Structure formats: structure tokens, C-alpha cells
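Student: One structure is given below, represented as C-alpha cells, and several questions about it will come after.
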């Protein structure tokens, strides 16, 4: 249908257009983190939008190949929107309704050629289905009460003897049905659901009594070990899931300074602080962490610092096709730039005069952003800080000479997203 005749036709539903903008941003160089894109998207049903974007992202290489072989782009359909609508036509749970809008009809008219192109795409390894992790927000609800409410909502708790060990637990998690859940093996107030669990619409989630958070990122807070009454600085805080977990472990006492320079992402953090029950101890500050004066009040009293900086996101490898190519010239340069920034941020954290422990974490799989950054910063510190043995109860260790003291988690080893963490502690003589 010619563009000029569409003026009075039904418009493409907004969620597809918003999803297309996010998919387009994911394809830019460098790609933006999907979490921040979703947090800043102006669409009311974030859970619905996130599900659509993640499904498209998981099949992006296939969709790219199919769209390239079709005539949709020649017909004037913007590529990002084509990727989203072709996904819905070929893989969506509900078929695109004919006649609903001109863009739908464009895609449906091309369905035979789309299916032919899909059949010609070489088969790729499917993404590993990961369980869904949920943290009970103990500032608002006791874990036993959360379990009872989940059971009343139709979920079934699976009990297990912990003496059987971690390997048995992970195998049982792999077999979880969408309506089943377990208490986590390591984290007291965390629950593990099957990969198909429908959690976003639960009142418990909407009311922030349960927070959906990948277990690996929670481990960074556990490694920091914040105690009640501590002074903690979260250097790259937005959207705030680690910050809120720290507040829970601190039992809503002490002080938290949550810093981030992204105004859009900070709004998600401010909303979480307001709704999740820790606004009395958390101050949110829009700032570049590198410009925070370590010797100025009140942050000069900081005892614990969490540094989780921007990274390539290469550890999010349950999204095949989106991993950055570190072997290309462009990929190597991006990793180099990020690792330089990461080292600067970590060095700045060590300048706070009363800081005793710093946790450095990323969702990158690249050694250059992880162990290499830690090694550079330790050498720079000239013995003022040492590398502690992070979470010794975990078998998931890092790479190289420092690897035994670092933690690496991932889809195949721990059934989580890819994640790295290291703990730096002030040496006793300093």
C-alpha cells in the first residue's frame, strides 16, 4: 500500500514500534545495554516490552538473514520494525491479525517468502534456557510469607535435601516446570523458578515484595558483605537491584550513596528506592563517579564500595548473536576503551580513605575486562589493597594467575548469566 494512502489507516501498535527502537539501539556500535534501554523506554507495560525485545534479540541473527532475503525492505518497511514483526509472524505465540494495520499486512503478504528464507538459514545452537531468579525483598515481606503467597497463587515449592550437594541442586533446577520453584542453594532469601515461569504479573512483583534479579549479580553484593550500620557507596548504581539487595542485608540501617551519571537510568533507581522500602538510608546522586571527591563529606566515611561499570555485556551469552566480536579491529578497540575506563573507576574507588573493601564486577566474559583490570589495579595500588578470596564456597573460579581468588559464573556452570567478580581489601598495614 503506498505510504500516502496510510494516513487514515490503523497505526502499528506502539509496543512494536518501541521494541523496534530498542532492537535498533542493540544493533548500533557500540550496542547499548538492553537493561538500560528497557528502563528508559516510554511504554507502560515494561514486562510485556521486555519479553518481546528479549525474544527478538535471541533470534536476531536468524531474523537478520530472513529479512535480508525478503522484499520487505524494498517495500519501505524500516529494518528494525521488520525484524520485530517478522519475529511475531514466524515465532510469535499469537499470529499477526490480518487487516489490523498496513504494516501487519505487508509482513503477512510476504509470509511464503519469509518461511522459505527461514528454511534456508543454517541451524545455530539454541540459547541455553536459564531459570528465573527472584529475591524476596525482606524489607517488605518475610521469605516464609512470600512462599506461602506463591503457593496460594498456584506455584509448587520443591523441597530438597541440601546434603546432596550443588551438582544435584543444579540438575534439579534444570528440570523445574514453570509452576515449580526451589529455595536457592546459596542465598537465603532467593527463589529459583523454571525458565517458563510467568512472574511479571504477580502482585508480589508489582509491589516490589519480590524482585526479579539474576542470581549472579546478587553474588556481588554477598561478596561485599555489607553489615547493618555500614556506609556503602554504589559507584554505578542504576537501575538499582544490587543497591536494594545491599539495603536488605544492612537491615535498612546505615548509609548508602547510590551514584550514576545516566539520568534516564537513575529514574528507575529512584523509583526502586521509593517503592522497595529503603529511601530512609539511600541517597541517590546523579554524577560521574570519577568526579566524586573521596575526601569530601559525607562520602569520605565510605567503608564499602561496589564498582559494576559499563562493559561489553559479553557474558549475557544466552542471547546468541549479540556477543561483541573481540577479534575484529573494532571489537578489540572497544574492549580496550572499556577496560581503560573500568580500571580508572576501580582505581578511584581505592582512593577513599576509609574504604576497607571493594567489589569489582562485570557481566563480561572477556579476561581483558575482568582479571586483567584487577591485576592492573592491584599493581597500581602498591600493596595498599590485596585480592581477597571471593566467596570461597563457590566452585566457579576465574582465569589466569588471579583466577582462584575470583568468581566467574555462567549459563553452563551455574545456570546464571555470565558474571565476574573480585574482592579487593585494604591491606592490614594500611
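Backbone N, Cα and C define each Cβ position, glycine as well.
This is the feature table in TrEMBL:
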type: DOMAIN; residues: 122-427; note: domain 'SAM-dependent MTase RsmB/NOP-type'
type: BINDING; residues: 260, 288, 308; note: S-adenosyl-L-methionine binding site
type: ACT_SITE; residues: 363; note: active site, nucleophile
Student: Do you know which of the binding-site residues 260, 308 has the most other C-beta atoms within 10 angstroms of its C-beta?
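Tutor: Neighbour-count leader: 260.
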Student: Quick one: of 288, 363, which of the recorded positions has the smallest count of other CB atoms within 10 A?
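Tutor: Selected from the recorded positions 288, 363 on minimum Cβ neighbours within 10 Å: 288.
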Student: Just to be sure I understand: of 260, 288, 308, which binding-site residues have a C-alpha no more than 10 angstroms from the C-alpha of residue 363 (active site, nucleophile)?
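Tutor: Of 260, 288, 308, within range: 308.
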Student: If you measure every Cα to Cα distance among 260, 288, 308, the residues said to bind S-adenosyl-L-methionine, what is the biggest one in Å?
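Tutor: 13 Å is the greatest Cα spacing among the residues binding S-adenosyl-L-methionine.
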Student: Average the pLDDT scores across the domain 'SAM-dependent MTase RsmB/NOP-type' (122-427) and report the rounded value.
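Tutor: Mean per-residue confidence for the domain 'SAM-dependent MTase RsmB/NOP-type' (122-427): 93 out of 100.
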